[in-house]
Amino acid sequence: GWEGGYPEIVKENKLFEHYYQELKIVPEGEWDQFMEALREPLPATLRITGYKSHAKEILHCLKNKYFKELEDLEVDGQKVEVPQPLSWYPEELAWHTNLSRKILRKSPQLEKFHQFLVSETESGNISRQEAVSMIPPLLLNAHPHHKILDMCAAPGSKTTQLIEMLHADMSVPFPEGFVIANDVDNKRCYLLVHQAKRLSSPCIMVVNHDAASIPRLSVDVGGRKEILFYDRILCDVPCSGDGTMRKNIDVWKKWTTLNSLQLHGLQLRIATRGAEQLVEGGRMVYSTCSLNPIEDEAVIASLLEKSEGALELADVSSELPGLKWMPGLTQWKVMTKDGQWFASWDEVPHSRHTQIRPTMFPPKDANTLQAMHLERCLRILPHHQNTGGFFVAVLVKKSSMPWNKRAPKLQGDSAELRAPAQSSPAGPTGGTAAGPSELERTPVTGMGDAEVIERTENLDDNGNKKDGVCGPPPSKKMKLFGFKEDPFVFIPEDDPLFPPIQKFYALDPSFPRMNLLTRTTEGKKRQLYMVSKELRNVLLNNSERVKVINTGIKVWCRNNSGEEFDCAFRLAQEGIYTLYPFINSRIITVSLEDVKILLTQENPFFRKLSSETYSQAKDLAKGSVVLKYEPDPTKPDTLQCPIVLCGWRGKASIRTFVPKNERLHYLRMMGLEVLAEKKKEGPVLTGDSASGSGPPEDEASADRDEEQAASVDGAGGDPAGGPGASAPQSRTADL
């Protein structure tokens, strides 16, 4: 019974069983199945990221190749079930399999499949995500023009789903909407950045705040400052996590009702803060991976009660056909950690009042309770579709929250004094006590905010805006957070840096140059990033109020010795799909065969490429180029999605600048299997093309000198392949 050197955890918890049997969360006669399912390991699930035109190709590749190879396979005497699509997820883009992570990692027969999963996850084409956690973004029903706030976003799998929804139409490089992804934990914010980076979107911003007091942002609307209200808010709150027992087995040992009692107040504060920032007519999804009504229905009921009709539960029963769920509870009781039950607030002794709050009980009045429609919440039980346990509620905002309606307008000077406290990141975090204290502090967050914020900002903005810097470097107040991000500096209209770039790449006049930014206020600008104009608006108007961890995608990097070329900046693969629609020169159309050569050989000479490619390249000046493959619809067996790669035209050769995982991804889509790379060699290819292991003749060495000019600035660490063949290609600095 020793696995990996640890004793087997006993999957028993009598208090857990007693509690949930008493609350009747499982239908009659299904208790044993429920407990059995909880003791089984969770099936592995994966989601194909939907917004890339490559999603269909990946699906095709998975179904026709990898899943076929899993048929009739046995591992440790157990037959491997071929993965099945999740019936309720649109377009077969999510799959589950009975393979546990352990089997995937350990078994040699599955090595290819495992490598495929790891590599495609790295390049952002698939996501290893638990099935139930895919539900909240689907129920948000987000569209490309929506402003979305993800309040507790790390580690970021739901955030990536939301970004995909923004980019539903791949031909629009800058959707009008954006995602602001927040997390209270600074370290987890960087996890979030890593996840979001894989999708290369100019419409995502990662911020670091306590969700319960996330600051109100303002935006410029036709020259006036207005408060930013979100169209969609995802409120996936911290919870006790007893729905995750199949994955986090230590929950069996640690489970007690105390966790829920301690979290309830925070969950309610976060949900309330979300509701305040939702636009009228907007939709907010509240979710937890807990089965406990104290964290679920009790939070929703008390939010509905205090909203006085401003919020209501939406009926989403028909929105995910194929998903099995139980309706929300309308009655529940509260139990202390030592097993004492209370059916209503009146029964709770004074000594327990700090631990148990009135908001934890169902509303007493039968009519109030009925009008809430708590049965519209969705409860997902593990044994119904072999998943984790989960809770989701979808709220729609009908009007302003009551305390925002009746807020008095603050008069005269006192308004000026009180406003900064409201807008400073440090302000609200201190005074958030549990439960009903919301109502005491409400008048400050009134609609009076709009005027107050506007007035104080006019005072302090005059000095800030001088050169499109997104605010000065963070104020002293922010330094208390141990937060030292570089500023975001928008490139001024008259910056001499831009005309050579515009000329070299023949950028379209419609190119939104206002949205270019760098991360340094002085010295040479090394990287240029791009955000959408809506995020630019948010950044410029809230620099003092919000702790931005990351935003924008890298579109250009400075060449090490760029001055000797016509343009000092080369294209970055990370932002090429955003930039490509605006580029009108230096585009080389390549064939599928060319793509294979470019991705498997280090510096292929012109003569190795097709004559069409050579004739386009021969007259171009040295420097960065775009390599574009257009699918041929008359040959349905070939790759059917367009590919855009960044390259470099050298003296006699062309090479690509594509991070390793992305390179492997494209090769795989073309039917070339790439085996594990040995430490000092290039990739080993199987299929109909062999790898060119390093440049053959002498002209290559002359060429190599210029390639260095195009090498990545400040690429951290030594390239994986050492000085040998695969070095320049395995640089992952663009990731």
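Start at 1 and count along the chain as shown; that gives each residue its number.
Using the three backbone atoms N, Cα and C, a Cβ is placed for every residue, glycine included.
So that you can see what the record holds, here are the features copied from TrEMBL:
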- CYS289: active site, nucleophile (ACT_SITE)
- CYS152, ALA153, ALA154, PRO155, GLY156, SER157, LYS158, ASP183, ASP210, ASP236: S-adenosyl-L-methionine binding site (BINDING)
- 714-724: compositional bias 'Gly residues' (COMPBIAS)
- 34-398: domain 'SAM-dependent MTase RsmB/NOP-type' (DOMAIN)
- 405-443: region 'Disordered' (REGION)
- 681-735: region 'Disordered' (REGION)
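Just so you know, the Cβ of ALA154 (S-adenosyl-L-methionine binding site) picks up 23 other Cβ atoms within 10 Å once every protein chain is counted.
A Cα-Cα distance of 20 Å separates ASP210 (S-adenosyl-L-methionine binding site) from CYS289 (active site, nucleophile).
By neighbour count, meaning other C-beta atoms within 10 Å, the densest spot among the recorded positions GLY156, ASP210, CYS289 is GLY156. The Cβ of LYS158 (S-adenosyl-L-methionine binding site) has SER133, MET134, PRO136, PRO137, ASP150, LEU234, ASP236 as same-chain neighbours under 8 Å, each 6 or more residues away in sequence.
The two recorded residues ALA154 (S-adenosyl-L-methionine binding site) and the residue listed as 'active site, nucleophile' have their Cα atoms spaced 14 Å from each other. Around CYS152 (S-adenosyl-L-methionine binding site), a 10 Å sphere centred on its CB holds 24 further CB atoms from the protein chains shown.
Cα to Cα, CYS152 (S-adenosyl-L-methionine binding site) and the residue listed as 'active site, nucleophile' are separated by 13 Å.
Residue pair CYS289 (active site, nucleophile) / GLY156 (S-adenosyl-L-methionine binding site) shows a Cα separation of 15 Å. Considering only the residues assigned to S-adenosyl-L-methionine binding, CYS152, ALA153, ALA154, PRO155, GLY156, SER157, LYS158, ASP183, ASP210, ASP236, the longest pairwise Cα distance works out to 20 Å.
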